[in-house]
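Chemist: Below, the features straight out of Swiss-Prot:
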- ASN32: N-linked glycosylation site (CARBOHYD)
- CYS68-CYS100: disulfide bond (DISULFID)
- ASN145: N-linked glycosylation site (CARBOHYD)
- CYS148-CYS179: disulfide bond (DISULFID)
- ASP177: active site, nucleophile (ACT_SITE)
- GLU210, TRP211, GLY212, TRP213, GLU214: substrate binding site (BINDING)
- ASP232: active site, proton donor (ACT_SITE)
- ASN352: N-linked glycosylation site (CARBOHYD)
Amino acid sequence: MATHYSIIGGMIIVVLLMIIGSEGGRLLEKKNRTSAEAEHYNVRRYLAENGLGQTPPMGWNSWNHFGCDINENVVRETADAMVSTGLAALGYQYINLDDCWAELNRDSEGNMVPNAAAFPSGIKALADYVHSKGLKLGVYSDAGNQTCSKRMPGSLGHEEQDAKTFASWGVDYLKYDNCENLGISVKERYPPMGKALLSSGRPIFFSMCEWGWEDPQIWAKSIGNSWRTTGDIEDNWNSMTSIADSNDKWASYAGPGGWNDPDMLEVGNGGMTTEEYRSHFSIWALAKAPLLVGCDIRAMDDTTHELISNAEVIAVNQDKLGVQGKKVKSTNDLEVWAGPLSDNKVAVILWNRSSSRATVTASWSDIGLQQGTTVDARDLWEHSTQSLVSGEISAEIDSHACKMYVLTPRS
């Protein structure tokens, strides 16, 4: 019998309890279910009908680095760089415009209009260019009467019209923000856009950005493909770790077709150390977060490229099982994060969030392995393998750094 993983069983039971309306219920312990059985266990999932997001989306978003200082040349050059740096071949496919791409006023027919100075060729021409590179284009709007910058109109009351416009341009992704919302509940403002996108005639990934205000992870699965669980990330250690913790508590609600979104990556923007960025990327990958690069990839340094192009870490994020890893142990800022992968493997992060070098240990009981299991431990950052590891895995780790492993049980 394949090795039993309590993590897989536990997370599946959480989903089942949610569906039958027993969110506060006691998790029933399931014995003797192999991980293969767990992977195929028939649990109903309420997912958006567009079939997108079977793994977390990967790509780039303009906001963290450029803010409103964005134009079509930057976007074209970013698409070029996505291909030339090898990121596209690793799965980074979305080139996403954030706020400020449109004129403040709609045209005489009520349609959104690209900013004439920044996007003189229009969004359709830009989408055509991005598509010619084998990539996909995303745009931004807001479930209010204006966007957060107040420089372009929101889509509240124009959902069907705007969705048809986006589809006619060849848009593949919509980030939908939450500003200028007139005090109307997100549960009233977001479903109309989800429905409009489904009726637009084009598959468009729907990224809901309501900042976790009304616990979208509970109700958004039938509406969108991802949902922000927190406010905006900032390019510093305290913001990144706080968001990681806030997002973690909703781990059981994520899965293929619908993902928790702790916001875009800050790797390469300069506000954290290399090891802090390594931790940032590792935790986002394990948490099955959308991997949307937020730096200027046209000018990124070698270290940034090395961090965001680690194929082994990306593979954890894109694993087909689609179970979000989570924090399973924390003692004095020494943490263990773990989650199950396909083929009975387990991903583990040993994270030192303390202010000094320390040893971090994950015992098999922490991460859901049976005590007698022997594994091969693949270090995803060192690209090395320890064979025949049993009982626990341990490492001495610098302050704010981490180690990330994939454990493969010996048969």
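Every residue gets a Cβ built from N, Cα and C, even glycine.
Give me the structural setting of these features: burial, nearby parts and distances.
Modeler: Listed in sequence order, the residues of the same chain lying 6 or more apart from CYS100 (disulfide bond) and placing their CB within less than 8 Å of its CB are GLY67, CYS68, ILE70, ASN115, ALA118, THR147, SER149, ARG151, MET152.
When Cβ atoms from all protein chains are considered, those within 10 Å of ASN145 (N-linked glycosylation site) total 16, not counting its own.
Proximity of CYS179 (disulfide bond) to non-local residues of its own chain (separation of 6 or more, Cβ distance below 8 Å) is seen for ASP142, GLY144, GLN146, THR147, CYS148, LYS150, GLY154, given in sequence order.
Over all protein chains present, the Cβ of ASP177 (active site, nucleophile) has 24 other Cβ atoms lying within 10 Å.
Its Cβ placed at the centre, GLU214 (substrate binding site) has 14 other Cβ atoms within 10 Å. In three-state terms derived from DSSP, GLU214 (substrate binding site) belongs to neither a helical nor a strand segment and is classed as coil.
In the three-state DSSP reading, ASP232 (active site, proton donor) counts as coil.
DSSP assigns ASN352 (N-linked glycosylation site) to a strand. Under 8 Å, Cβ to Cβ, and six or more positions away along its own chain, ASN352 (N-linked glycosylation site) finds ASP333, LEU334, GLU335, ALA358, VAL360, ILE397, ASP398, SER399, HIS400, ALA401, CYS402.
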Chemist: List the Cα distance (Å, whole number) between GLY212 (substrate binding site) and ASP232 (active site, proton donor).
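Modeler: That separation, Cα to Cα, works out to 10 Å.
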Chemist: Are there recorded positions among ASN145, ASP177, ASP232 that sit within 10 Å of TRP211 (substrate binding site), Cα to Cα? If so, list them; otherwise say none.
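Modeler: Passing the 10 Å Cα cut: ASP177, ASP232.
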Chemist: Rank the recorded positions GLU210, ASP232 by the number of other Cβ atoms within 10 Å of each Cβ, and give the residue at the low end.
Modeler: ASP232
Chemist: Can you tell me how far the Cα of ASP232 (active site, proton donor) sits from the Cα of GLU210 (substrate binding site), in Å?
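Modeler: Pair distance, Cα basis, whole Å: 10 Å.
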